[in-house]
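Per TrEMBL, the features are:
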type	residues	note
ACT_SITE	Tyr234	active site, proton donor
BINDING	47-52, 73-74, 110-111, 138-139, Lys243, 272-274	NAD(+) binding site
BINDING	Tyr224	substrate binding site
DOMAIN	2-79	domain 'Trans-2-enoyl-CoA reductase-like NAD(P)H binding'
DOMAIN	81-316	domain 'Trans-2-enoyl-CoA reductase catalytic'
DOMAIN	323-385	domain 'Enoyl reductase FAD binding'
SITE	Glu74	site 'Plays an important role in discriminating NADH against NADPH'
Amino acid sequence: MIIQPRMRGFICLTAHPDGAAQNVREQIDYVTSNGNIDGPKKVLVIGASTGFGLASRITAAFGSGAATIGVFFEKEPSEGKTASPGWYNTAAFEKFAHEKGLYAKSINGDAFSDEIKQQTIDLIKKDLGQVDQIIYSLASPVRLHPKTGILHRSALKPIGQTYTNKTVDFHTGKVSEVSIAPAEQEDIDNTVVVMGGEDWEMWIDALQAAGVLAEGVTTIAYSYIGPEVTEAVYRKGTIGRAKDNLEASAFTITDKLKPLNGKGYVSVNKALVTQASSAIPVIPLYISLLFKVMKDAGTHEGTIEQIDRLYRERLYTGGEVPVDEKGRIRIDDYEMDPAIQAKVAELWQKADTETLPELGDLKGYSHEFHKLFGFEMGGVDYDKEANEMVAIESIK
Ligand code: NAD
Ligand code: NA
């Protein structure tokens, strides 16, 4: 079928298999061009199909020659209906990995469930014996709790008072004011259950009890801090409480892993255009200004540049892993540079529908958003028939 983007609100209903493959190819080429990393050899990536998780899988496999198992929740294709982008990304990733002789298998299902954890453990036992790194990169609006059977929904709300600020609809470029009413206690609790550290700890407990963690194992989850303008809705809002909880879990996990000399880390990453971040009000306007300022300064990075740097300049330098005063790895350092932030704050005041195309990188935002779904990739003819029925080699 001929596959074009079909937008509904902040999501795109279609994805392009050849564009997704091209996107994965470019990420692989980026990592490969930077040379080898003396890193992990057997890696489990939870949330492996898009965003930071995909970039982690690519960096581990193509930088460090790692065997990878990827867990994710994606929609498979059916005749005349495309798969979700992470499906096509993974199909391409596995194909490229297998061509290079790298082990790569994938599990599609709910990572929050006991069943998928058990399936993953069984696969590790059968094929790899143990893993020496676990990347935890889930972003989900809901979690079905495996012990209580309760379906928890996360919220993106401020805490204490209504938050009013500017936001942009990046499809139309219209800047408007948005007001978000404060969270109820229930919203906070639910968001912590969905995006906090409990499930990460459950994964580590299950893997450790099954004996599939190697001596010296490391596990890394991703967090975000960001600027003052988004603080009320992000870091000091419901999602921020979940991130506080996730960051605390890194210490609990490090304690649990003491017998293996293992370690749990949180890495604070840069704001990037992903499916998850596009759904948060105010963030797209911030990102479009940030990208403009960082591109002008020559410090702009995408997901693959971020994770490549995480491995090369933080995790596998041969020395101590540098962390901040709260024990977190920081690869948001270029974003949080005071000069960058001062410039963004100045532009924030001036940004409106008329000025934003000039002040911000709205085109770049929209382009990155399309790329998430395999669109606007160079070298792909979108007027040509594409085969939507692409299989992931390890999933039959
Ligand atoms: P993403 O939406 O691109 O990726 C989410 C991944 O989780 C996908 O692989 C998806 O299939 C998987 N997933 C979702 N629900 C699942 C489920 N129930 N079972 C199995 N897999 C499931 O998100 P992302 O932006 O890469 O975010 C990953 C992490 O990085 C999050 O913790 C996020 O908060 C953090 N982070 C994001 C940003 C940003 O700007 N995007 C910045 C810093 C940190
Ligand atoms: Na991810």
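For all residues, glycine too, the Cβ spot is worked out from N, Cα and C.
Distribution of TrEMBL features across the structure.
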residue	record	contacts (Cβ under 8 Å, 6+ apart)
Gly47	NAD(+) binding site	Gly53, Val71, Phe72, Ala111, Ile135, Tyr136, Ser137, Leu138, Ala139
Gly51	NAD(+) binding site	Ser137, Ala139, Leu272, Thr274, Gln275, Ala276, Thr303
Phe73	NAD(+) binding site	Asn108, Gly109, Asp110, Ala111, Ser140
Glu74	site 'Plays an important role in discriminating NADH against NADPH'	Ser49, Ala83, Ser84, Pro85, Gly86, Trp87, Thr90, Asn108
Tyr224	substrate binding site	Tyr234, Arg235, Lys243, Val268, Asn269, Ala271, Asp332
Val273	NAD(+) binding site	Pro284, Ile287, Tyr365, Glu368, Phe369, Leu372
The DSSP breakdown of the domain 'Trans-2-enoyl-CoA reductase-like NAD(P)H binding' (2-79) into helix, strand and coil residues is 31 helix, 16 strand, 31 coil
Is any of Gly47, Gly51, Phe73, Val273 (binding-site residues) within Cβ reach of ligand 2, i.e. under 6 A, and which?
Gly47, Gly51
What binding-site residues among Gly51, Phe73, Lys243 have a C-beta sitting less than 6 Å from any atom of ligand 1?
Gly51, Phe73
Please report the number of other Cβ atoms within 10 Å of the Cβ of Asp110 (NAD(+) binding site).
16
Select the most exposed residue of Ser49, Leu138, where exposure means the fewest other Cβ atoms within 10 Å, treating these as the binding-site residues.
Leu138
Hey, what's the Cβ neighbour count for the residue listed as 'active site, proton donor' at 10 Å?
25
Report, as a single number, how many Cβ atoms besides its own are within 10 Å of the Cβ of Lys243 (NAD(+) binding site).
25
By DSSP, how many residues in the domain 'Enoyl reductase FAD binding' (323-385) are helix, how many strand, and how many coil?
32 helix, 2 strand, 29 coil
Along the domain 'Trans-2-enoyl-CoA reductase catalytic' (81-316), what average pLDDT does this model show?
97
